[in-house]
Structures are given as C-alpha cells and as structure tokens.
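Novice: My questions will all concern the structure given below.
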Amino acid sequence: MLRLCGLVAIGCSISLLPLPPHTARRIPRRHKYKGAFYCPNRQGFGRGGNNKSNNPPKSPAQTSTPQHQATMSNSPSISSSLSVENQANDPEGPKYFFQEKYAPLNVRGNFLTLCACPKNVELGEWLAHQIVEQYRLLHGMLQVIQEVNTVTGLPICNENTCPTMSAGRLTYTWLVDGRAAKISAPKFINRVEKWIVSKIHDPVMFPTEKVNGTPETSAIKEANGASTTPSDPANPDDWIGKSSGFPPTFYKDCQGIMKQMFRCYAHLYHAHWLNPFWHINKHDVLNMCFVHFVTVSKYYGLVSDKEMEPMQPLIELFIKQQRVPPEALNGGHWAQQAAT
Ligand SMILES: [Zn+2]
C-alpha cells in the first residue's frame, strides 16, 4: 500500500513541479494539467481475466503487496491476449500500446491551443516555454519508473531490468570518452535529465536578462505592416529567438533536447508500458503526455520522423484520431503562419 500511495503522490506532484524562474516569469503558467492529472485513490493493481495463463506479468508492486493481486472490479480489463511470456522488456513481445483499444487518453480534443504560439509572444520565448513544459511532463512520467520497490530496494527501471537504453530492438547509446557506449537505461535517463536541466538553466541558451529592443512577435509585425512570416529555422541571419536574446544555436539546441526526451518516451513505452503504467492504470496519462509531446514536436519540426520511428504506429494512430491535430503536420507552425 505504501508503494501505491507513493505513486499517487508522484501523480499529484506532476503539476506542481517548478518551472525555471525565467520561464515562469516570461509566460503565464496557464498550461497546468490540474484537471488532467490524477489525484484520486488508485483504482487497484489487478487486471481482469481469470485465465491464469493469460494474466499479465505481475509488477514488483503486486509481488510485494499480495492483497493487490486480486482482480478489482473497477480496474479495466485487458484482453486474454496478454500472456506471461510477454515480458515488458521483450523486444519481440507484442506492442499493446500500438493498439487502439489500449491507447486511450484522459483528455478530450487535442493540444493545438497549448502548442500554437500566441501572436503576442515571440517564437523563441514560446519555444523555451514549450521545452520547459515538455520536460516537466516527461520528468513526471520518469519519476514513476524511478519509484523504488521497498522489497527489492530497486527502482522499477534498474540495471537488471534495463541493462541498456532500449526501445524494442533499438538501443540508444551514450557518448563516453568520444565513443558510443551502451549504458543502462537508468543511467542514460539520469544523464539525459541532468543534461536537459543544465541546458534549461544555461543563461546563454535560455537567457534571463532583459534584452534591448522589442521582441518580434507576429502581433508587432502585423501592427508595423511588416510580413508576419516568422523566423525560418533555415535562415542563418534571422534565427528564432534573435530579438529575445537567444543564441543562433537555440532552435538546434531545442531539437537536441526534444530528441533525447523522445528517446525517454520510447523507453517508457517499450520497456515500461506494462509495468508499471498499465498495472497502475495510468497508461492514459502516459499517452496524454506523449501525444502533447508529439504535437509540439511535429508543429515546430523539433524531432525528425526518422527519430520517431520506434513509436510510429502509435503516432499514426493519434494522427488518425486527430489527437495530433492536422495543423501540426505538413509544415506546422510555419505553414499555419503563412496561411493567416
Ligand atoms: Zn527501464
């Protein structure tokens, strides 16, 4: 039960994670998921289905708390196709998270309005805000797999369960002394998190000083009768965020950060969708964070299609359902601005 409470506490704390002060100052925090994140009591760890051979693998939480092994009537049932052979880390195992029936969201509509840059905000400022927000959401999901099993004393994602940073058959490597090295998933994730936090707090990449002049928002351009075509990421003389004091590498840095965040999501799904997210009935929250992440990534061209391949079936599903809005595709932000 303690673990249960711990996970609930993590879920509740997600919307409370602090933003770096400069970003909080710049843009009002109106994107909290207060309604979307969960705080009520856990609905139970058990799963439907009485066929013993078709029960999903038990999570460490279930092992340590036998009272939760019983099937809870209010816990969603999973089809009999789940079997004990389907270990969470089995790269050959079926990918339930790619199936529509296992891919619900706990929000309606899509994230376009939270993603699109308001006319009175400069694009660099907005992207900085988006990066910080996306990291806050991802961090909340990573905390779930970093929860320590009180029996084994190990986190859910540990050196034994995840000796490499895998996403199905794909293994991500980390540069160690100039060489690509296969390090464990918890180590990889720890390094990614530290790296992202250091970037966000880097005053060169995310400047906090007030700049001279007025940031070039599309509203100001409109008022001046100038073209509202926003900064083109391919134009070396007019980079995104220039008028707000961001460096020329800012957009590329944002792409680098989002790429690493994507890899964390890929690992969360491929190695931990079943344990713990499905087991604690929070796969819909993971989906919500991920669909928001994909919307921002596609809208601003921050993660390449090739990089997203390990999650492509789920992304295509969300696109088909318009959970990822059509506006985020085919040019996203730039196409939208040119069209208005
Ligand atoms: Zn893992």
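Using the three backbone atoms N, Cα and C, a Cβ is placed for every residue, glycine included.
The model shown is predicted, which means the values in this text are computed figures rather than measured ones.
Sharing the features that TrEMBL gives for it:
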SIGNAL    1-24  signal peptide
REGION    40-88  region 'Disordered'
COMPBIAS  61-72  compositional bias 'Polar residues'
BINDING   Cys157, Cys162, His267, His272  Zn(2+) binding site
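Give me the local environment of each listed feature.
Specialist: DSSP assigns His272 (Zn(2+) binding site) to a helical segment in the three-state reduction.
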Novice: Among the binding-site residues Cys157, Cys162, which residue has the largest number of other Cβ atoms within 10 Å of its own Cβ?
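Specialist: Sorting the candidates by Cβ neighbours within 10 Å, the top entry is Cys157.
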